[in-house]
Amino acid sequence: MTHPFLFHPQVAPWFKESADALQLTLFSELDAPIREVWLRHEPDNEEYLIPMTAVSTRDRLQVWQATLPLIKGQDIHLYSFKCLTDEEQWWLHGAGVSASMPPREQHFRFNSLHQPPAWVQDQVFYQIFPDRFCNGDPSLSVKHHEYEYRGKAVISKAWGEPVSRHEEGHGACEFYGGDLAGIDAKLHYLQSLGVTALYLNPIFDSPSNHKYDTQDYFKVDAHLGSNEQFAELTRNLHQRGMKIILDAVVNHTSTEHPWFCPPLGAQSNPDSPWRSFYTFDKEGDYVSWKGIRSLPKLDFSCEKVQDAVYRADDAILRYWMRAPYQIDGWRFDVIHMLGERGTAEGNRSHVRAIRGAVKQENPDAYVLGEHFFEASQWLQGDQEDGAMNYYGFAHPIRAFLAGKDIAYHPIKISAEELDLWLKLARAHIPFKNQLAQFNLLDSHDTARFLHLLGEDKQRMQLAATLLLTYIGVPSIYYGDEVGLSGGNDPDCRRCFPWDTTDWDHVLHDHYRRLIQIRRQRPSLRRGDIQTLYAGPHSYVFARTLQSDQVVVACNRHPSEPRTISLPLWQTASPASRFTDAFNGEKFEVVQGEVQLTIPANSARVLISS
């Protein structure tokens, strides 16, 4: 079924927010037989229709506007648009256009009470797995067979030596010596790349290299540095205008944490003051995260756990947000699994409380949750600011470019299906939270994207282009920018190759240029997103903010270029000329359209000039 062109911009000047109302705009094609438009909302869970006024025309567009009143004390406001012709109706909503009213979860949504910090949108994050980034102080490094971890002697390896295979079982007890001093020493490199914010995997006291089994939440692991060194690192970052967020692992602890381990801990002492911190059955067995015995799960029905983690004045989360550290936010590990009595019971109430505590320390802090799958219930504004966007970015991009799903099973989708996947993921969350989504291609938990692409560096450039231009905040996993590859955990945690002769300089330069473009163009950081074309192999979208516009066009076909006429008139942008950001080619907008050829297995970025 062919539907008329309809679009609702969610940025200025077409979207205006005041304390008690929103001024909303709808674009329709001037020649479409639409005779009236209604703004639908549910102030008291019942339908109300507000007539929209045809206020002006703009090239081939009819501009409709109406004012949506905001209900005092109500956070989420849902709305959609009902467009009538003489014979039919069309609805515009967050997932697109339909011939009937959409379900509530697909309505546009605005949270008037809770919004992510504005600074997040302007960042380019860089994820660092500390043991594998840079060894700045060899005297701190784990010594060979220094201690045992889960019955195995720890292994000290030379920098760059291959990581053991997963089946060998040494993954968590191999150490290469990366540390905080190494990160500090490479801040100049990160700034030269264009990075503005760091996300560090766990740094607190732990016997493993990944440190997701915390022994002491108030102490930096001695093999990474000290609390004083971390304070110096955060000072240096902030002096450079950079931000930092840390990994909060508060769903579970290590079995070696004093709350749990003998002689005073909960594991073998029914009278332990921390027995209620964990969940035990009648036989005295405890609940652990996903059955991994070294990770006993905390019970948030226990008020002492709530106090220790977030509620008390001296709580873990508050401690690192205060001087001398003053971190800028937290990434919460498996946040959706946190809960009471060994389950996720009460999860959302505790996540709200965690958000409240973090925002009490710093209203501008970033609350980021780890979710591998759909997470919209945590992303309505009252819990998380953003999620690690596997579901709404990494998974669909992996499917489209690598032909693999999250379980590494084969999958084939067209660009049209990619566009639908992306739209549906966006539709369920407020626009401000879309801008704060933490987009990534890969991480410490997945195979490297380059590996998934069969080491296709050209296609990796295409993927990087999407990462740095799509709506949300991009995160680069350390080493991706120089061609570091690797299979699934632990192979994805190879050492960063500091010998520049091992770098793919073309890929590195591509990342640098993309970051530069992103930082120069406000539309890529805070702008609207609008699909201009989606076919079998090619996907084109525009990012628009007032007079600034960037058009991103990708073609995954391995051998055939694609020429497309792009309907830029649909964006209402005043831009009449564009320049290819990489080769300088000029383009003129003629009657609202631009002819563009996208080479095979490539992407193009056009910037308004």
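Numbering starts at 1 and runs along the chain as it is shown here.
A Cβ is built for glycine as well, from the same backbone N, Cα and C atoms used for every other residue.
What TrEMBL records for this protein:
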ACT_SITE  Asp333  active site, nucleophile
ACT_SITE  Glu370  active site, proton donor
DOMAIN    127-518  domain 'Glycosyl hydrolase family 13 catalytic'
SITE      Asp445  site 'Transition state stabilizer'
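Feature annotations (TrEMBL) mapped to structure.
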residue: Asp333; record: active site, nucleophile; DSSP class: coil
residue: Glu370; record: active site, proton donor; DSSP class: coil
residue: Asp445; record: site 'Transition state stabilizer'; DSSP class: coil
- So what sits near Asp445 (site 'Transition state stabilizer') in its own chain, CB-to-CB under 8 Å and at least six residues off in sequence? Asp489, Cys492
- Where Glu370 (active site, proton donor) and Asp333 (active site, nucleophile) are concerned, what is their Cα separation in Å, rounded? 5
- Note on the structure: Densest Cβ environment (other Cβ within 10 Å) across the active-site residues Asp333, Glu370 belongs to Glu370
- Rounded mean pLDDT for the residues that make up the domain 'Glycosyl hydrolase family 13 catalytic' (127-518): 98
